[in-house]
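Asks: Straight from TrEMBL, here's the annotation block:
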{"type": "COMPBIAS", "residues": "7-26", "note": "compositional bias 'Basic and acidic residues'"}
{"type": "REGION", "residues": "1-34", "note": "region 'Disordered'"}
{"type": "TRANSMEM", "residues": "65-87", "note": "transmembrane segment"}
{"type": "TRANSMEM", "residues": "99-118", "note": "transmembrane segment"}
{"type": "TRANSMEM", "residues": "138-162", "note": "transmembrane segment"}
{"type": "TRANSMEM", "residues": "174-199", "note": "transmembrane segment"}
{"type": "TRANSMEM", "residues": "205-222", "note": "transmembrane segment"}
{"type": "TRANSMEM", "residues": "234-256", "note": "transmembrane segment"}
{"type": "TRANSMEM", "residues": "276-296", "note": "transmembrane segment"}
{"type": "TRANSMEM", "residues": "334-354", "note": "transmembrane segment"}
{"type": "TRANSMEM", "residues": "360-387", "note": "transmembrane segment"}
{"type": "TRANSMEM", "residues": "399-421", "note": "transmembrane segment"}
{"type": "TRANSMEM", "residues": "449-470", "note": "transmembrane segment"}
{"type": "TRANSMEM", "residues": "482-498", "note": "transmembrane segment"}
Amino acid sequence: MSTLDLEQNRKTERDSDLVKHGDAKKPSSYPSRMGNALTKRLLTWGVETRGILPVPPEERTDTQFFKIFFLWFSTNFNILSFSAGTLGPAAFGLSTRNSCLVILFFNMLCCLPPAYLATWGPKLGLRQMVQARFSFGYFGVIIPCILNLIGMFGFSVLNSILGGQTLASVTDGNLSWTVGIVVIAIISLFLSFCGYTVLNWYERLAWIPVLVSFLVALGLGGEHLSTTVPTEPATAVAVFSFGSVIAGFVITYSALASDFTSYYRPDVSSLKIALYAYLGYLLPIASLQCLGAAVASSAPLVPAWESGWNLGSQSNVGGLLNAMLSPVGNFGKFLTVLLSLSVTGNIAATFYSISFNIQLFIPTLVVVPRYVFSLVSVAIVLPLSIVGSHRFYDTLENFLALIGYWASDYIAVVLVEHFVFRPRNTLYSSTMGYDLTQWNSPRLLPTGIPAVAAGVLTFGLVIPCMSQALFVGPIGEKTGDIGFELAFVLCAVLYLWLRTVEVWWRGVI
């Protein structure tokens, strides 16, 4: 029996879950009989309604563990990964070789945290930010939730703009970017609205046409990639600053990693889940970013590519891809359309996780079905994408550089909590030291003061170490941007000390 069949057969799913997994007040019903009828109908269609309520062991039955690889592979095998790679030559003046070395090293390192955190889903049945309550506390987790929402909405906006831009590029001006953005948003809304089952089915297939499109583009333009624009020797400032952009692209997945693994069987090998997730991140991101760097280095020397790249007097990734595929005529336009749709899997998965973060940000919304927040997400992303569509490239560079700092703090806190403090909680060794009945109990959870304080204090050192277009600190000016690396180390040390004091003071973990 599938996960959603089990969910449908639970007559009082929300009420029983709230009672079973916490001391929250039991909601009486949905707002109206019409709402109840709609929810029941959607359940029969396979739409997932569960929000942040923990997934109990009897519903963690999924054994198709390979799906986690395809979910992340399709999510990241898109034109946003390609465009992030172009920043190496275009924004930081790095050669193709140096850009690819930075891409490979930082991705190999930064894919580790989200891959590991994905293993907690089957063991605990908790969404990622729900699990963070065991370190940030019931109220303290609202802060990383807000930052995570900003990051996820930001990525959704970037993907929507890029998808709309690429879709519009094949029409020779007959389709505006705005219309393209709307098309991308509606498709993404449908996928995220349906939830876990439909999303996993789509992600298993969505990468295939994208791979074909990029292979054709590479075959058509490969002869030009050997000739690149001359560049200055790489500097530490350029290398570390580009590295922080690459890090910001992937480590933010740490804040939603277990959202997609909570339905897997608890006895699954953690190594298997981690490996599937790691390869699902690394292979598509690194390969397309390297391709983006190579194309950006050669584009100024290929008139057709340069024309597409500068379409609209700005860096137009969609125009560049359309120019690469133009030698095969209408078939090339068809492939460009497929590339534009590659972002829908990423946006849909992001909308899915946004739902949980909204419920954590406003806990009273736990009684609202998950799919409602997909509608809220598209209502927010759509106008922001339309307004920001003509500043895509500047937005991409600045956003990716800044988003990694808070994620480093988050990773440091949850890992120190997990490896240092939770092993002491031997009574709950079967659930890795976490008493899952506390998930919704403010009095029983940590206060969150050590986590929040460590994160805030860390920025006293992070800010001087920044080196981005928006701000260059005195240390970052000489070393390049090393903010996210120092954020992780300093936050881990501060949290270890502050949390030790809290445990001593309260007498409980």
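Each residue, glycine too, has its Cβ placed from N, Cα and C.
For each feature listed, report its degree of burial, its nearest neighbours and the pertinent distances within the displayed model.
Replies: Packing against the transmembrane segment (99-118) from elsewhere in the chain are residues 68, 85, 88-89, 92, 128, 239, 242-243, 246-247, 250-251, 253-254, 257-258, 260-261, 273-275, 277-278, 281-282, 285-286, 289-290, 293-294, 297, 411, 414-415: each is 6 or more residues past its ends and has a CB under 8 Å from a CB in it.
Here the transmembrane segment (334-354) has long-range neighbours at 71, 74-80, 127-128, 149, 152-153, 155-156, 159-160, 162-164, 166-167, 169-170, 180, 184-185, 187-192, 195-196, 199, 202-203, 206, 209-210, 212-214, 216-217, 256, 259-260, 318, 321-322, 325, 328, 373-374, 377-378, 381, meaning same-chain residues at least 6 beyond its ends whose C-beta is under 8 angstroms from one of its own.
A Cβ distance under 8 Å defines the sequence-distant neighbours of the transmembrane segment (360-387), meaning residues of its chain 6+ beyond its ends; these are 14, 18, 24, 27, 30, 39, 42, 47-53, 129-130, 133, 138, 141-142, 145-146, 149, 153, 156-157, 160-161, 164, 177-178, 181-182, 185-186, 188-189, 192-195, 347, 350-352, 354, 440.
Note on the transmembrane segment (482-498): residues 240, 244, 247-248, 251, 404-405, 407-409, 411-413, 415-417, 420, 449-451, 453-455, 457-459, 461-463, 465-466, 475-476 of its chain, located 6 or more positions outside it, place their CB under 8 angstroms from a CB of the stretch.
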Asks: Take the transmembrane segment (138-162) and find every residue of the same chain, 6 or more past its ends, with a Cβ under 8 Å from one of its Cβ atoms.
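Replies: Result: 78-80, 83, 129, 132, 177, 181, 184-185, 188, 252, 255-256, 317-318, 343, 346-347, 350-351, 353-354, 357-358, 360-361, 363, 377, 380-382, 384-385, 388-389, 392, 395-396, 399, 403, 406-407, 410, 440-442, 445-449, 451-452, 455.
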Asks: Under a criterion of three or more Cβ pairs within a distance under 8 Å and sequence separation of at least 6, are the transmembrane segment (205-222) and the transmembrane segment (399-421) in contact?
Replies: no
Asks: Give the one range among 65-87, 174-199, 234-256, 399-421, 449-470 whose Cβ atoms make the most pairs under 8 Å with those of the transmembrane segment (276-296).
Replies: 65-87
Asks: State the non-local partners of the transmembrane segment (174-199) in its own chain: residues 6+ outside its ends, Cβ under 8 Å from one of its Cβ atoms.
Replies: 2-4, 45-49, 71, 156, 159-161, 163-168, 260, 263, 340-341, 343-345, 347-352, 355, 370-371, 374-375, 377-378, 381-382, 385-386, 389-390
Asks: Six or more residues out from either end of the transmembrane segment (399-421), which same-chain residues have a Cβ under 8 Å from its Cβ atoms?
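Replies: Residues 84, 87, 113, 117, 131-132, 134-136, 144, 147, 150-151, 154, 158, 241, 244-249, 251-252, 254-255, 432-433, 451, 454-455, 458-459, 462, 468-470, 481, 483-485, 487-489, 491-492, 495-496, 499, 503, 509.
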